[in-house]
Amino acid sequence: MKKLLLICMMICLVFCLGGCNFPWDKEKTGDKNVRKENITASEVKDSMKGKQLIIGVSDGMAPFSVRDEKTKEMKGFDIDLIKGISEYLGFEYKLRVAPMRELTDLLREKKIDLAISGICITDSRQKEFQFSDVYFENTLKVMVNTDKNITDRKELEGKTIGVEEGTSNAEYAQTNLSEENKIKVYPSMDKVFKDLEKGKIDATVYDATGVDYFMANYKGDKISALDEKLNSAESNYGIMFRKKDPSVGKFNVTLQVLNTEGTYQTIKNEWIGSEDED
């Protein structure tokens, strides 16, 4: 149980992809309502120098954002990505750590300037917030209790599915699974995983990268993952801003710069793995 709790604390929530190519290579963008501007890399370089941003992150989103057990500092894919963006644009920043479900409230109340922690670009979120271009493509997977003998998605009908409150995974389960399913909502993914291991729920829907990370570290025999991926158009990750934030275009250009110069791939290799390892 201690090992399970340790894994849960490292990875809780949503959000991802096995073997992603850089999403902008496919001209995929975030907020479809954002006007695209022709801003050059040289124009945005150091253009935010002197600014101090407060960036909201969750500490339960391994391998994207998680707290180091020894140093208590935040680490992960998203943490390194923000560091690279800040170095190019020139701004300084502080991290404000909060549960995933609270990040939207903090952004709405102007207590943070932006949020990043494997946040899916959903239609419901885009009604209120603005997103960067997609920086990570996401799919979903199903994890099941091994005693339930569930071997494919069709066998989920009538089962109890646990999901985390306020996530796109919860939206997906409530929208796409059978009406015969019982959806049980939890405040965090660590509670989902613990009940899944105990057999109190039959399955959960979670981001594919998070599933792979969990299974690579899980030493028990009560949880397994189905091979099938559940594609969702609202599962890709973007950086979340308030509407009409003028810095979004600068962030988008910087994301492309980090890809071109190899920084993005270096971060991906560190936290997700290289294409050769997929």
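Cβ coordinates come from backbone N, Cα and C, glycine included.
The signal peptide annotation in TrEMBL covers 1-18.
The domain 'Solute-binding protein family 3/N-terminal' annotation in TrEMBL covers 52-275.
Per TrEMBL, domain 'Ionotropic glutamate receptor C-terminal' is recorded for 54-274.
Look at TrEMBL and you will find 63-105 tagged as domain 'Ionotropic glutamate receptor L-glutamate and glycine-binding'. Remote same-chain residues near the domain 'Ionotropic glutamate receptor L-glutamate and glycine-binding' (63-105) are listed as 9-11, 13-16, 44-57, 111-112, 115-119, 125, 128-129, 135-136, 164-167, 187-188, 209-210, 213, 237, 240, 247, 250-251, 254-255, 257-258, 263-264, 267-268, 270-272 (criterion: CB distance under 8 Å, separation of at least six residues from the stretch ends).
Residue counts for the domain 'Ionotropic glutamate receptor L-glutamate and glycine-binding' (63-105) under DSSP (helix as H, G, I; strand as E, B; rest coil) come to 19 helix, 11 strand, 13 coil.
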